[in-house]
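Undergrad: Have a look at this one before I ask anything.
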C-alpha cells in the first residue's frame, strides 16, 4: 500500500526561479502542522496561505484570511464567496498577486514514487506549466516535452509548437477522489497505482477537476477559477472544483490554452464521510447529467477575447439554459458576474488573454 513520505525523505526544493512568482492556497479550519512534511519543497516558494484560523508552523511566509477578512475586503461582493466550505479557496486566488497558484487540502501529504523517493509535487506542477500543451492533436507518447519523449511519427509539424499551459491537474495515491455512491460500494479501495505520465486533455473534452492537487497560471486563466456557491446556505456541495474545471476548460479551449493532467501525485491521507458527502452531492449527481451536456454544447462568441469576457458570457448562458432545472442556477449565474466584478476591482490590471497570449 502507498505510504506518505516523511520530511527527511525530501529532495531538492522546487525550481528556484519561481520562488517569488507562486502562492500556495490552503483552505482549512485546522492547524497546519502537515506543512512540516512539505517544508523542504515549500520553504523557498510559499508566500501566502488562505485558511480560516489556527496555527501555522514557524518559518513560513503566510497570510491568514477568515470570513471577516473576506467581508471587509469585498464588501457586498463577498456574497459570491462560499461560506463554511473549501470552495472559499478561490478568494485566495483573487487576492494573490503572483503569477502561479498551487492549491492543496490539509489532508494532502508528500507521496513517494515507486522507488521510495519523495515526490516534489510543486516542482512537477511548475514543469507542467512552463512547457506547452498539445490540445489539438493527441500524442501517443503523451507529453512530448518531458525528458525522454517527443512527437511520434505522423504528428503534424504545424502543431508541434503547442500552446501555453494554463492548468496542471495532479492526482492522488491512497484515497481516490470518489463520489459518495462509489465510496459507499468501495469503502476499502485505495489507489496504489503510480502512472508515470502527463498528458494534455484534448480540445473539446471535459474532465472532473479536483482542487486538492492543482496548479494554474493565474495570469492566463485566474478569473475562470471561481469555485461557485457551495456549502452553508446552498443546496449543493463538493461540486466547487468541478464547476471551476468545466468553466475553465471551455474557456481554455476557446482561447487556445492547454490543460494537463497526470503527474504529480500527492498522498491523500483521509477519506471523507460518504454519508455526509451524499447529502452534499445528491442534487449534483442528478444535475450533472444536464450540466455536462450544457458545457459540451457551449459556444463562446468570437468577441469573447479575454477570460473575463468569456466568463461573463458563460454566466449569461448558465442563467438562460440551466435555471430551468433549479433556481439555484439563477443565483449561481449572478454570483459568477459578481466574482468577475470583484476580481477586476482587486486586479485592475488583471489578466487579459487573447489567442493564448497574456497581455
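Every residue number used here counts from 1 along the chain in the order it is shown.
Note: Cβ is positioned from N, Cα and C throughout, glycine not excepted.
Grabbed the feature section from TrEMBL, which reads as follows:
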CARBOHYD  153  N-linked glycosylation site
SITE      153  site 'Required for activity'
SITE      160  site 'Required for activity'
Undergrad: Determine the most Cβ-crowded residue among the recorded positions 153, 160, using a 10 Å radius around each Cβ and all protein chains in the structure.
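TA: The most densely surrounded of these recorded positions is 160.
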Undergrad: Whole-number Å distance between the CA of the residue listed as 'N-linked glycosylation site' and the CA of residue 160 (site 'Required for activity')?
TA: 12
